[in-house]
Amino acid sequence: MVKAVVLGAAGGIGQPLALLLKNNPLVTQLGLYDIVNTPGVAADLSHISTPAKVEGYLPADDGLTKTLTGAEVILIPAGVPRKPGMTRDDLFKINAGIVKDLATAIAKTAPKAFVLVISNPVNSTVPIVAEVFKKHGVFDPKRLFGVTTLDVVRASTFVSEILGDLSLSKDVVVPVVGGHSGVTIVPLLSQSTHPLPSSLAKTDYDALVNRIQFGGDEVVKAKNGGGSATLSMAYAGAEFAFKVIRALKGEKGLVAPSYVSLEADPSGAAELTKELGQELAYFSSNIELGTDGVAKISPLGTLTDAEKALVSAAVPELAKNIQTGINFVAEASRL
Ligand SMILES: NC(=O)c1ccc[n+]([C@@H]2O[C@H](COP(=O)([O-])OP(=O)(O)OC[C@H]3O[C@@H](n4cnc5c(N)ncnc54)[C@H](O)[C@@H]3O)[C@@H](O)[C@H]2O)c1
């Protein structure tokens with residue numbers, strides 16, 4: 001029995017994500033919450049012949065509390081997507097408040113749930129959730145995850161394209177570490193299960209790294225004002241959620257990159273900090289999942305000089321993004 005919840009369930013990501021969760025037989029209850037349209041989405045999904053009982057709530061009549069009651073896995077794609085011309089700052093201002101309010105409700109009603117944050121900017125929204133939980137005395141670093149899986153999915157796809165065989169993409173695994181925006185996204189292509197051709201030119205390698213880091217822009221541009229990645233994000237979010245659910249059910253050896261608090265595994269974090277050469281409160285690395293959430297944070301391992309340079313560029317930007325999230329909650333509680 002697993003109750004999964006989607007907050008922002010009527011949105012571009014929320015709807016296909018809810019569909020994929022409904023399609024997973026491990027999910028027996030599916031709670032959907034949004035400020036609009038959730039009853040319709042829930043009614044529609046409830047006709048699908050899979051085990052999950054679907055309920056959809058709006059803010060009225062304490063709908064958020066009802067949605068969160070008994071939740072074990074909560075996915076948060078609530079917020080506003082990036083549109084052309086919108087800066088990351090503009091996006092932050094809107095989404096930070098939404099995520100903070102939802103985190104407050106989770107702290108009160110489902111403090112033991114695994115929380116998977118999709119709302120951007122993930123580098124800052126994950127610290128926001130953590131700070132809110134700390135204020136309520138319920139922060140468990142092992143249970144909070146920033147969903148960076150789309151970067152991993154894109155890396156698998158783009159590497160397969162270069163290898164000339166998209167059917168490989170399901171098996172191509174590239175650890176993508178760091179954070180979840182622009183230069184903080186660091187693909188460790190030298191550790192790909194399927195090595196890149198040794199003949200690959202440096203300019204093609206650079207273009208591949210850039211495409212993984214800024215793949216989101218391709219979609220924003222192609223949608224021409226219609227939003228950012230939704231379908232690929234729902235796929236990626238579901239992939240990660242299913243791993244978390246399987247781990248929760250006792251399956252061992254499940255590993256995936258995710259942006260987590262380094263407090264979740266102090267000994268893993270110590271090794272990682274040595275590699276980074278600087279302390280960071282949050283970082284995305286390969287995470288081994290267990291019944292309690294983060295079981296182990298893996299070190300980066302051997303990196304090429306090019307990858308070391310990418311890590312060096314990511315670290316200061318990440319430090320800034322993390323502080324932005326922490327400051328937001330501190331300032332909001334002063335008001
Ligand atoms: N982590 C990633 O890889 C990744 C990838 C793409 C997009 N995103 C982010 O996901 C978020 C959602 O994107 P989208 O394309 O689905 O946007 P969308 O506008 O289509 O959907 C967002 C939904 O959130 C709802 N919402 C707004 N305020 C809410 C609140 N207080 N409580 C509950 N629901 C609320 C809206 O009503 C809407 O249905 C954005 O922040 C976007 O930047 C993350």
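First residue shown is number 1, and so on along the chain.
Cβ from N, Cα, C; glycine included.
The domain 'Lactate/malate dehydrogenase N-terminal' (3-146) scores a mean pLDDT of 96 in the predicted structure. Taken from TrEMBL, the feature domain 'Lactate/malate dehydrogenase N-terminal' covers 3-146.
Neighbour count (other Cβ atoms within 10 Å of the Cβ, all protein chains): 30 for S119 (NAD(+) binding site). Taken from TrEMBL, the feature NAD(+) binding site applies to G8, A9, A10, G11, G12, I13, G14, D34, N95, I118, S119, N120, M233.
Remark: N120 (substrate binding site) has G79, P81, R82, R88, L91, N95, H180, S181 as non-local neighbours, by Cβ distance under 8 Å and separation of at least 6 in sequence. DSSP classifies N120 (substrate binding site) as coil under the three-state reduction. Feature annotation from TrEMBL assigns substrate binding site to R82, R88, N120, R154.
According to TrEMBL, the feature domain 'Lactate/malate dehydrogenase C-terminal' maps to 148-328.
Sequence annotations record features per position, and here TrEMBL assigns active site, proton acceptor to H180. Note on H180 (active site, proton acceptor): other Cβ atoms within 10 Å of its Cβ, all shown chains, come to 29.
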Inset, instruction - Under 6 Å from ligand 1 by C-beta, which of these binding-site residues make it: R88, N95, R154? Sequence order, please. - result: N95
Legend entry - Diameter of the substrate binding set by C-alpha atoms, the set being R82, R88, N120, R154, in angstrom: 21
Legend entry - Three-state secondary structure, which DSSP defines for G12 (NAD(+) binding site): coil
Legend entry - Fewest Cβ neighbours within 10 Å, where candidates are the binding-site residues G8, G12, G14: G12
Legend entry - Greatest C-beta neighbour count within 10 angstroms, which of the binding-site residues R82, R88, R154: R154
